[in-house]
Amino acid sequence: MSQPNTAAQFAASVVSETPEKKGGKINLLDLNRKQMRQFFIDMGEKPFRADQVMKWIYHYCYDDFEQMTDINKILRAKLQQVAEIRAPEVAEEQRSADGTIKWAITVGDQQVETVYIPEDDRATLCVSSQVGCALECKFCSTAQQGFNRNLRVSEIIGQVWRAAKIIGSLKSSGRRPITNVVMMGMGEPLLNLNNVVPAMEIMMDDFGFGLSKRRVTLSTSGVVPALDKLGDMIDVALAISLHAPTDDVRDDIVPINRKYNIEQFLAGVRRYLTKSNANQGRVTVEYVMLDHINDSVEQAHQLAECLKETPSKINLIPWNPFPGAPYGRSSNSRIDRFAKVLMEYGFTTIVRKTRGDDIDAACGQLAGDVIDRTKRTLKKRQAGEPIQIRSV
């Protein structure tokens, strides 16, 4: 068998090494409703039992079959023998002055990061899809950690379950329940579709977390073939990590652009929009503002021209620094000038408020604890380049 020749191909080829069963028991968090119903049918039970169990798991965040009082004792005993509800554990919690909470979540012998962001009218959970990331975007902390593996369904939906359980226990303190989930944490979701899609199905299932498809957002840096596949698998809100209006700049800061350039990426986005109701006809464009790299007035005009055939809402993101990064954050005046140009073209343009940067929980700062399998960190050491080491 030929070996993957790029980091992204390597990531796509790696399946989770976490076993499906622990101690001979299947983790029910790995199953969407269709799979859960088949599980109960195989046990000789009626498929509606799946709906009952899912409701206990996701509506009430129960992980003990004995608490499921509308299930008879015989079935509860059978479930204890063959199944479990095992979400990843929190290794550490950090709280920001602005109310943001970041959790280091243990997955096997490594850690990913999950962030809860409360606002006046919503509470968003930022969820990771991989241990590390293979795409090597230069302005992103996660990319500097290298890549190890894809997360399983249970490790993705388990982040939501764990956060919902914690937030539920904090209701007396006024914490808003999770209303939105964004797949914008560690990793490239489109390189882990086989696990990300079932997890998003559970997020939107009435017997799961019951979120509207407009409140579940997947963000991608531009894996175009997988984006086409996504459109045939599920309908969720789409955000794209564009970050540059021209290929010469994007080739440097988002290296996957060398394989799928801006024109190809946006064509894929338009194909997705024709299949999607969740997006209401337009995509959210994420654009990190890097001082004197991608933030000139000329580049604002270029971005507007670039997006003229792709209905878009644009989020301008002040860059969030991390140790060893070669960039600076654009000044407020440069960001304001950039936004003004885009609005003059008629684009809805928002300058995203930085949240959680005092605990390294802001956009682009998530790092976790990753055992790199791409040799990226080894190459940096050999070249004498700085390596960001995070202790969580």
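From the backbone N, Cα and C atoms, a Cβ is placed for every residue, glycine too.
Source: prediction; values computed, not measured.
Listed in Swiss-Prot for this protein:
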ACT_SITE  Glu113  active site, proton acceptor
DOMAIN    119-358  domain 'Radical SAM core'
DISULFID  Cys126-Cys363  disulfide bond
BINDING   Cys133, Cys137, Cys140  [4Fe-4S] cluster binding site
BINDING   Gly187, Glu188, Ser219, Ser241, Leu242, His243, Asn320  S-adenosyl-L-methionine binding site
ACT_SITE  Cys363  active site, S-methylcysteine intermediate
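Swiss-Prot feature annotations superimposed on the structure.
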| residue | record | CB count, 10 Å |
| --- | --- | --- |
| Glu113 | active site, proton acceptor | 28 |
| Cys126 | disulfide bond | 28 |
| Cys133 | [4Fe-4S] cluster binding site | 30 |
| Cys140 | [4Fe-4S] cluster binding site | 27 |
| Gly187 | S-adenosyl-L-methionine binding site | 31 |
| Glu188 | S-adenosyl-L-methionine binding site | 29 |
| Ser219 | S-adenosyl-L-methionine binding site | 21 |
| Ser241 | S-adenosyl-L-methionine binding site | 24 |
| His243 | S-adenosyl-L-methionine binding site | 26 |
| Asn320 | S-adenosyl-L-methionine binding site | 22 |
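The binding-site residues under consideration are Cys137, Leu242. Their Cβ neighbour counts within 10 Å are lowest for Cys137.
DSSP assigns Cys133 ([4Fe-4S] cluster binding site) to coil in the three-state reduction, placing it in neither a helix nor a strand.
Within 10 Å of the Cα of Cys133 ([4Fe-4S] cluster binding site), the following recorded positions from the list Glu113, Cys126, Gly187, Glu188, His243, Asn320 place their own Cα: Gly187, Glu188. Nearest by CA distance to Cys140 ([4Fe-4S] cluster binding site), out of the recorded positions Glu113, Gly187, Glu188, Asn320, is Asn320.
Checked against Ser219 (S-adenosyl-L-methionine binding site), the recorded positions Glu113, Cys126, Cys137 differ in C-alpha distance, with Cys126 being the nearest. Across the residues annotated as binding S-adenosyl-L-methionine (Gly187, Glu188, Ser219, Ser241, Leu242, His243, Asn320), the widest Cα-Cα separation comes to 19 Å.
When the recorded positions Glu113, Cys137, Asn320 are screened for a C-alpha within 10 angstroms of the C-alpha of Cys126 (disulfide bond), the residues that qualify, in sequence order, are Glu113.
In the three-state DSSP scheme, Cys140 ([4Fe-4S] cluster binding site) is classed as coil.
Annotated pair Gly187 (S-adenosyl-L-methionine binding site) and Glu113 (active site, proton acceptor), C-alpha to C-alpha distance, rounded: 11 Å.
Reduced to three states, the DSSP call for Leu242 (S-adenosyl-L-methionine binding site) is coil.
Taking only the Cα positions, the spacing between His243 (S-adenosyl-L-methionine binding site) and Cys137 ([4Fe-4S] cluster binding site) is 10 angstrom. In the three-state DSSP scheme, Cys126 (disulfide bond) is classed as strand.
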